[in-house]
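Taken from Swiss-Prot as is:
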BINDING   225-229, T249, N342, K429, 477-478, 505-507, 528-529  FMN binding site
BINDING   K229, N274, S275, C276, G277, F278, N342, N347, N458, T459  substrate binding site
TRANSIT   1-23  transit peptide
TRANSMEM  143-163  transmembrane segment
Amino acid sequence: MISKLKPQFMFLPKKHILSYCRKDVLNLFEQKFYYTSKRKESNNMKNESLLRLINYNRYYNKIDSNNYYNGGKILSNDRQYIYSPLCEYKKKINDISSYVSVPFKINIRNLGTSNFVNNKKDVLDNDYIYENIKKEKSKHKKIIFLLFVSLFGLYGFFESYNPEFFLYDIFLKFCLKYIDGEICHDLFLLLGKYNILPYDTSNDSIYACTNIKHLDFINPFGVAAGFDKNGVCIDSILKLGFSFIEIGTITPRGQTGNAKPRIFRDVESRSIINSCGFNNMGCDKVTENLILFRKRQEEDKLLSKHIVGVSIGKNKDTVNIVDDLKYCINKIGRYADYIAINVSSPNTPGLRDNQEAGKLKNIILSVKEEIDNLEKNNIMNDESTYNEDNKIVEKKNNFNKNNSHMMKDAKDNFLWFNTTKKKPLVFVKLAPDLNQEQKKEIADVLLETNIDGMIISNTTTQINDIKSFENKKGGVSGAKLKDISTKFICEMYNYTNKQIPIIASGGIFSGLDALEKIEAGASVCQLYSCLVFNGMKSAVQIKRELNHLLYQRGYYNLKEAIGRKHSKS
């Protein structure tokens, strides 16, 4: 009596098995069902199981209970699908071993013959169905996998242009943990050389822009010297969100620097020690790279307002530093927006001796005089230099044919082939390891020579509390340099009577770090270690944080914050 039976538990009706056992109705088996079974152990009934099908078919109450068929036969120990045309869905047996040891299959000897079954071949074979379903499922898995990979690849492609893409952070952590510092650095430059780096498309805040004389910075953040020594990927680095970059330090002749390994990182303290020693390709080749950048800058609107400075120094075996500096200025001076004199690197023997007041005064005056001569003598109209410059550019980009208009524009702008179309400013980079008397003497020299600005500071050699840097020589930069640099900025800001602009460098990792430097007296900031430890998102994040802090502390613009620490005290 069907009404007395629980609708969930029914046996398979024989007549319906016969009616659906045809090969041409395979599509009808895409129906759903629940399967339950319980093993019935008996001495006389080995290898038999009681199959219970949970049926939700709307026709179940119309079936005669006398036609229910329970003839099952145990065939093998493989897990299979069990199909029923009476059910509305299908399900794979998850743990068949707890119910039956083998799957169910129709026993044709119990079915007998009928109009619907002519021979054994006409009976639907469960093994055949299982194999087909397995193939279909594998195809579906492949399609789903390919669809997932395609969607993720499409997402990654568009997000790869975002400096804050999360995969960059994962890759950065891997590099910091397993790859040598200089190899990581070279890999970054290689990506930048072929324009594979992301770029910042956000608009810089008008309240965070600043200037140093005729240098207008669209935001106060740039890249310090030493990151792109040879100017191979200036545009790619600037597009990360920086307003300026300082290439170099360059020397008249190329040199390999000190022995490797020479760059070591301490992730825990976010500090770097390096003993590179002015490794660069030489002034001539760097000049070629800078000329090519200036060409791209004229064609790319994203780069039209970005500043490029050049740090210059002396070769390791040079006795008179002034000769090397003059050579570099004559070669690259007309393409630079500012010239930074590096007399403070700890990795070139005897270089820091040039910070002595008398020597420093002579160096600054010689450099300023040489820059003035570039304008007075009209060097770009000198035939020999003009031809020489054309030969340099011809090596890479057929300069004479395609860029004649560029040369004409340069002549119309006093031959300064740079962003400002004016002669470059002169900055000097100082070491933090100076006593108070030396700092005061240097401040007097800077005021006397009317220098355009000072970069504070270079790396320090007076940090010895980092365990991983024990027995390693070189200059330390990063978070350990932050407080030393900030204190140095405060002192020089007061010693120069707030008259000489300051470019802050050393230990800047966040907007708060940058604002501390600015309130101490800095006009703009340079980043290096931040790029190493924070990656490509450095500029985007630090600009956002600084804008928020300026608003939070009630500054109308960044210029109001410069030196505010001194007015508060």
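Here, residue 1 is simply the first one shown, and the rest follow in order.
Yeah, the Cβs are placed from backbone N, Cα and C, and that goes for glycine too.
Location within the structure of each feature annotated in Swiss-Prot.
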{"residue": "A225", "record": "FMN binding site", "Cβ contacts under 8 Å, 6 or more apart": "E246, I247, G248, T249, G309, S311, A340, N342, K429, Q526"}
{"residue": "F227", "record": "FMN binding site", "Cβ contacts under 8 Å, 6 or more apart": "H185, I237, I245, Y528, L531"}
{"residue": "K229", "record": "FMN binding site", "Cβ contacts under 8 Å, 6 or more apart": "I247, G248, T249, I250, N279, N280, M281, V286"}
{"residue": "S275", "record": "substrate binding site", "Cβ contacts under 8 Å, 6 or more apart": "N258, R262, N347, K472, K473, G474, G475"}
{"residue": "N458", "record": "substrate binding site", "Cβ contacts under 8 Å, 6 or more apart": "N342, S344, S345, P346, K429, L430, A431, P432, G475, S505"}
{"residue": "S477", "record": "FMN binding site", "Cβ contacts under 8 Å, 6 or more apart": "S271, I272, I273, N274, T459, T460, G506, G507, Y528, S529"}
Largest CA-to-CA spread of substrate binders K229, N274, S275, C276, G277, F278, N342, N347, N458, T459, angstrom: 16
Close approaches to the transmembrane segment (143-163) from elsewhere in its chain (Cβ under 8 angstroms; 6 or more beyond its ends): 198-201, 240-241, 535-537, 539-540
Spatial neighbours of G277 (substrate binding site) that are distant in sequence (at least 6 apart) but have CB under 8 A: Q255, G257, N258, R262, K316, S345, N347, T348
A225 (FMN binding site) - helix vs strand vs coil (DSSP): coil
C-beta crowding around S529 (FMN binding site), within 10 angstroms: 25
